[in-house]
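Worksheet: the structure to be examined is printed underneath.
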């Protein structure tokens, strides 16, 4: 029986939601992950340090008994964000990053930034105090094809911002294109990228071939196969600029299976099994720890976890529930469309 022991991983991009959904999904993360950067796009969003403090308390209260898990809180950037509040949040140790959502780019992003100039006082303060900016890297202008949103964002928004504020530390979250990978590789400093589990596995065919498959629909949307292969190469390379951010995003089935379904894929429960499969398939099991457990902490200035987990490769396939039940409703679990043989021990 093959075994692989690695430092306990972290998730550098996670949606826990709130209320009954939070209570229903948090255990799938805290079972395997020590820390996670928590997305602030609630309704209403987490825009102040006081909001983040209250949300963190709700997360900790929802943790299953005995689980050790540290939520790393973020603030939702608006055109009215108070730079002093952001700085206080960082000084207190509460705030790990600030999240930029272009208005309308994804779930609950309508209160996001429309004019980046109006957010510059906060961004300048962040650059000064060394607080990272996490970006949803897509433009939302209607004339841009949805499959080109990331590349156009890099050219028209991100690169001008980084030239204007070269000392600002930026995380390109959920990179989905070779353009994004190449841009990160070309940067001399202050740029890194998170990659999701599902974007390593699916391309856009998964959503569209054989019928509309809403449980593979996410934002940024999965791209063509050449982009998926570029993501795989980056993730399995050991390059310290790339790390795991699952973007696990639960929605109840009625909100996915409808005429205008929500974007989001729920992967927290089986991410480590999926990743072990991917890295084994690419002959890179020795790089899994860097991607899931080492590169992220190094980027965010944190120590790696001392605790270890062990992955076991089983002869028989490992089964996960097709759906989970939460107090908010039924959530469909990501199906990688191949059998999984790696399991987390215990």
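The backbone N, Cα and C atoms fix where each Cβ goes, glycine too.
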Query: Of the candidates 80, 174, 198, which does Swiss-Prot annotate as part of the Zn(2+) 2 site that also includes 99, 136?
result: 174
Field: Site-mate of 15, 16, 17, 41, 136, 251, 263 for substrate in Swiss-Prot, selected among 72, 219, 294
entry: 219
Same-site residue for Zn(2+) 1 (record: Swiss-Prot; known: 13, 15, 99; options: 239, 247, 253): 247
Query: Where the distance is taken from Cα to Cα, which of the binding-site residues 99, 174, 247 turns out closest to residue 16 (substrate binding site)?
result: 247
- line: According to DSSP, residue 136 (substrate binding site) sits in strand
Statement: Expressed in Å to no decimal places, the gap between the Cα atoms of residue 17 (substrate binding site) and residue 247 (Zn(2+) 1 binding site) is 12
Inter-residue Cα distance where the pair is residue 41 (substrate binding site) and residue 247 (Zn(2+) 1 binding site), in Å: 12
Query: Which one of these binding-site residues has the most other Cβ atoms within 10 Å of its own Cβ: 16, 219, 263?
result: 16
